[in-house]
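The transmembrane segment feature in TrEMBL is assigned to 12-30, 51-71, 136-154, 203-226, 247-265.
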Amino acid sequence: MESHGAGLRRVFLLAFCVAGIWAAYIYQGVLQETVSTKRFGPDKKRFEHLAFLNLAQNVVCLIWSFLMIKIWSNSGNGGAPWWSYWSASITNTIGPAMGIEALKYISYPAQVLAKSSKMIPVMLMGTLVYGIKYTFPEYVCTLLVAGGVSTFALSKTSSKTISKLAHPNAPIGYSLCFLNLAFDGFTNATQDSITARYPKTSAWNIMLGMNLWGTIYNMIFMFGWPGAIGYDAIQFCKQHPEAAWDIFLYCLCGAVGQNFIFLTISRFGSLTNTTITTTRKFVSIVVSSLLSGNPLSEKQWGSVMMVFSGLSYQIYLKWKKLQRMQKKRKSA
């Protein structure tokens, strides 16, 4: 009876994590699209300085992680020193800025799909640089994702969607997304290296270190010289408080979402977290299509299904691999 109660609590906790991740990041996606496409105030001006979102996100997450460490963290010494994150934070600053900037050139669903193809540069780098050999099912996953993204990119986008973009230009938009993925790959590899050297490093320590350096870099980029774009962004927010409020909510959603991600990984593992975040991306595309009033064409929906079929198959392969590893441990 006691084990049944524990199992039920675990199910409720998982449902809570799913609801938290979905709610935080789907709403953040809506806000991101709003800030990048909406015309604010009676003068109908766009918020052109989208890279400012990166700085705002860094500041909010820095404060949030500091508070969480003070309130919840029980870890003592032995974690990675704050200065060790300087290199990973460079790519973590440039990468997300490129992803956000891409929204000037392509639609939000297109950006989500492009950023879902993370496995493509990972496999290319693994094969070309490290000589890693992948299985046939892994290549099938990659081909489905690559085919879906390519088909979506080549599909005709509605004129209504194009009219909302600040500077419609698909090649530039997709290039920024793929550069974002490349920088993200370096960031993840560096973070793994840091946690391997300092095993006592907590998720909150990583969040604090990354956002501390991200804040420093972005402050220099935004306000480092007279006439830097940060001053224009602040002035725009003063003139259009609605935009400032949307930006604040965007950052808050990111901080809350990271809490649920850390909770999911600590209690259920990274595979469960990958499954939740992958399905969230699909729901984000559906929500964006419904709320923006710009329905995707049948060909574009087919592309979306191709991408998420490949991602789902990849998750299934990871699950099977995890099952085999657990059986080996039990038999050992």
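In case you wondered, yes, glycine gets a Cβ from its N, Cα and C as well.
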Under 8 angstroms, Cβ to Cβ: which one of 51-71, 136-154, 203-226, 247-265 has the largest number of such pairs with the transmembrane segment (12-30)?
247-265
Are there residues at least six beyond either end of the transmembrane segment (136-154) with Cβ under 8 Å to its Cβ atoms? List them, or say none.
109-110, 113-114, 116-117, 119-120, 123, 170, 174, 299-300, 302-311, 313-314, 317
Below 8 angstroms Cβ to Cβ, which residues of this chain, lying six or more residues outside the transmembrane segment (203-226), approach it?
51-52, 54-55, 58-59, 61-62, 64-66, 68-69, 72-73, 75, 79-80, 82, 84-86, 88-90, 92-93, 191, 194-195, 233, 258, 262, 265-266
Which residues, given as numbers and ranges, are at least 6 beyond the ends of the transmembrane segment (247-265) yet have a Cβ under 8 Å from it?
14, 17, 20-21, 24-25, 27-28, 31-32, 35, 52-53, 56-57, 59-61, 64, 68, 203-204, 207, 237, 272-273, 276-277
